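So that you can see what the record holds, here are the features copied from TrEMBL:
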- SER29: active site (ACT_SITE)
- LYS83: active site (ACT_SITE)
- 3-192: domain 'Peptidase S26' (DOMAIN)
Amino acid sequence: MVRSLAEMLIIALFLLTFVIQPFRIPSASMQPTLNVGDFLLVDKRSYAAEGRLGSMLLPATPVHRGDLAVFLFPPDPSRHLVKRVIGLPGDRIRLRDGRVLVNGQPISESYAVYAPSRPNLFRDEFPNLREADPDVDEHWWLMLRRSIVGADVVVPPDHYFVLGDNRNNSEDSRYWGFVPQANMVGRPLVVYFSTSWKSGQTAEARQFEPTPPPPASTLGRLGKVLGDGFRAARILR
C-alpha cells in the first residue's frame with residue numbers, strides 16, 4: 001500500500017514537473033475563449049524547447065497559427081502569459097482597422113472580439129510608427145523600427161507574434177514584441193475548473209501564474225476543451 005502510494009506520488013510529481021501544469025486566468029485579455037477565473041491544464045510537453053526533459057521523453061508538437069500558447073513574458077520571464085499565436089517565423093503581419101493580415105491576406109478569426117473603445121491608431125493600424133502609445137515597451141519600440149518591411153512587421157526566426165482574443169483589451173505583441181521559441185511553456189488543454197471572480201483591477205494587472213485548485217466553481221465552463229478546436233486562424237483564399 002505504501003509502495004503504491006509512493007509510486008503514484010512519483011508519477012504525479014513527474015507529470016506536474018514535465019508534462020502538465022495548472023494555471024489560472026487572471027485577466028480579460030483572452031475573453032471570450034478564456035474568462036477571468038478559469039483554471040487550465042497546460043501541456044508543457046507540446047512546445048518544449050529542444051533539450052527539455054519533457055520533449056526528450058515525449059515528442060514535442062510544432063506551433064501552429066491559431067494555437068493558444070502559455071509562455072514566459074519576454075520583458076519579465078518570471079511571469080507567465082497566455083495568448084493566441086498569430087504570426088509564425090517569417091510571417092509578415094499588419095493590422096488594418098483592427099483586423100489582422102498575414103502575408104498580405106486577411107485571416108478568419110471567429111474567436112476575436114472587439115469591445116467598444118476609444119480609437120487607438122497604434123493598436124488598430126499596427127505597425128504604426130507615426131503614433132506613440134504610453135504602454136509600448138521602449139525596447140520593443142526600437143526593435144519594431146528594425147522589424148518593419150514595407151507596411152508589415154516581419155516575425156524573425158524562432159519567434160512568434162501573439163495577440164489576445166479580446167483585441168481591444170489586451171497588451172500583447174503589439175506592445176512588447178515577439179515571443180522567442182525558448183520562452184514557450186505549453187499549450188492549454190482544458191478548463192478543469194472555473195470561479196466567479198469579481199475585481200476592479202485592469203486586464204493586465206494580475207499575473208497569470210501556476211496555482212492550486214480553487215475553492216468554488218462555475219460549472220458551465222468545466223471541461224471546455226482548448227485543443228484543435230481553437231486552431232481556427234487560417235488564410236482566406
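Even glycines carry a Cβ here, placed using N, Cα and C.
With respect to their backbone Cα atoms, LYS83 (active site) and SER29 (active site) stand 8 Å from each other. Taking all protein chains in view, 24 other C-beta atoms sit within 10 angstroms of the C-beta of LYS83 (active site). Within 10 Å of the C-beta of SER29 (active site) we count 25 further C-beta atoms, all protein chains included. In the three-state DSSP scheme, LYS83 (active site) falls into the strand class.
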